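What follows is a short report on a single structure.
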Amino acid sequence: MAAATPHSPPPPQLSSPFLEYIRAPGGLDKVVLRGRRSCSVEIRLFGGQVTSWKNDHGEELLFVSSKAIKPPKPFRGGIPICFPQFGTQGNLEQHGFARNRLWAIDDNPPPLPVNPAIKAFVDLILKPSEDDLKMWPHSFEFRLRIALGAGGDLSLTSRIRNTNTDGRPFSYTFAFHTYFSVSDISEVRVEGLETMDYLDNMKGKERFTEQGDAIVFESEVDKVYLAAPSKVAIIDHDMRRTFVVTKEGLPDAVVWNPWDKKAKAMQDFGDSEYKHMLCVEPAAVEKPITLKPGEEWKGRLGLSAVPSSYCSGQLDPLKVLHG
Ligand SMILES: O=P(O)(O)OC[C@H]1O[C@@H](O)[C@H](O)[C@@H](O)[C@@H]1O
C-alpha cells in the first residue's frame with residue numbers, strides 16, 4: 001500500500017490487499033487492482049481512465065501512446081470514457097468532458113450485484129462542476145466500477161443517473177474508447193461485425209453494410225457499427241491471442257485506427273504507433289440515451305484475453321464468439 005500522509009488517509013474501500021492507492025502530483029493519482037500472479041489494472045482518477053491492464057505474465061494488453069500528454073489534455077490510450085458526447089456529435093468538446101475531469105473514489109456506492117470471486121474492484125464517481133453545468137446544463141451522477149476478475153478479465157460497469165431537480169430529461173451519447181495493444185495491425189482481424197450496418201465517419205457518416213468476411217485492416221478506419229452483437233473478437237495472429245469484448249446496454253461498436261497520415265498529424269501519437277493499436281469501442285452513438293429525472297442507465301464492458309492457436313484458418317470463429 002502506498003504511503004498516505006496523516007492528513008489524507010486512503011479511502012476505506014482501498015484498505016485491501018487487492019488494491020493500492022498511489023499518489024502522484026498533477027492529478028495523476030491512481031488506483032492499482034491486483035489479481036493472481038502478475039495480473040493488474042491501473043486506473044487514473046483523472047478521466048476515470050484505465051491506463052493499464054496486464055495479464056498473469058505481466059504483459060500489457062492495452063495500448064498507451066509513448067507521446068501521451070499529461071492532464072489537462074485527454075490521455076491517448078487505455079480506456080477513455082466518452083460522455084456525454086461521442087465524437088463531434090454535439091456542441092461539446094470532442095468525446096465530451098468526462099475523460100478530462102478529475103473523478104473521485106466512491107466510498108459508498110449503491111449496491112451492484114457482485115460476483116463473489118471478484119476481490120479487486122474500485123468504484124469511482126463523477127459529478128458535474130459549476131463550469132460543466134454551464135456547458136451542459138444537466139445534473140448527473142456517473143458511477144464507474146472497474147473490476148479485475150479471478151482469471152484476469154477486466155470489466156467496467158457504468159451507471160449514469162439523472163439528478164436534475166427541474167424535471168428535465170437529458171440525452172447523451174457514450175463510448176468505452178478501448179485501445180487494444182496488437183502486434184501488427186495488418187495481421188489482425190475482427191470477427192462478429194461482418195454483415196453489420198455501419199456509419200462511416202470518413203464519408204460524412206454515410207450508412208453502409210459490411211461484407212461477409214471478418215474485418216481486416218489496410219488503411220484508416222473510422223466506423224460506427226450499429227446494433228452490433230454483444231460479443232466481438234479481435235484476433236491477433238502474431239501474438240496468438242484473441243481479445244473477447246462483451247458489451248451490455250451499449251448497442252453500437254466503433255472501430256478506429258488512424259493509419260499513417262492521421263498518426264503523423266496527431267501531436268500525442270507516434271508516427272508508427274498505429275501499427276500496434278486498434279480501438280474497438282462499445283458505444284451508444286446512433287440513438288442517444290435519454291434519462292428522465294431519477295432514472296439510471298447501466299452499461300457494461302467486459303474484456304478477456306485468451307490464447308488463440310490461429311494458424312492458416314484453423315480458428316473456429318464460432319468458438320471465439322459463442323464460447
Ligand atoms: O483524438 P480523439 O479525440 O481521442 O479521438 C480519436 C478518435 O476516436 C474515435 O472514437 C473516433 O471515431 C474518431 O473519429 C476519432 O478521431
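Glycine residues also receive a Cβ, built from the backbone N, Cα and C atoms like all the rest.
Just so you know, TrEMBL annotations never went through curation; they're auto-generated.
Since this is a predicted model, take the numbers as computed values, not measurements.
As given in TrEMBL:
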type	residues	note
BINDING	Arg76, Gln94, Arg99	substrate binding site
ACT_SITE	His177	active site
ACT_SITE	Glu281	active site
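Taking the features listed in TrEMBL, we show where each one sits on the structure.
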| residue | record | DSSP (3 states) |
| --- | --- | --- |
| Arg76 | substrate binding site | coil |
| Gln94 | substrate binding site | coil |
| Arg99 | substrate binding site | helix |
| His177 | active site | coil |
| Glu281 | active site | strand |
**Request:** Take the C-alpha atoms of His177 (active site) and Arg76 (substrate binding site) and report the distance between them in angstrom, rounded.
**Result:** 10
**Prompt:** If you skip the near sequence neighbours and keep only those at least six away, which residues in the chain come within under 8 angstroms of Glu281 (active site), Cβ to Cβ?
**Reply:** Cys82, Ala175, Phe176, His177, Thr178, Ala253, Val254, Val255, Trp256
**Chain-internal residues, separated by at least six, CB under 8 A from Arg76 (substrate binding site)** = Val64, Ser65, Lys67, Ala68, Ile69, Tyr179, Met266, Asp268, Phe269
**Item:** Same-chain residues at least 6 apart in sequence whose Cβ lies under 8 Å from Gln94 (substrate binding site)
**Value:** Gly87, Thr88
**Request:** For the recorded substrate site formed by Arg76, Gln94, Arg99, name the remaining residues of the chain with Cβ within 8 Å of the site's Cβ center, in chain order.
**Result:** Lys73, Pro74, Phe75, Pro80, Cys82, His95, Asn100, His177
**Prompt:** What are the non-local neighbours of Arg99 (substrate binding site), defined as same-chain residues 6+ apart in sequence with CB under 8 A from its CB?
**Reply:** Gly47, Gly48, Gln49, Pro74, Phe75, Pro80, Ile81, Cys82, Phe83, His177
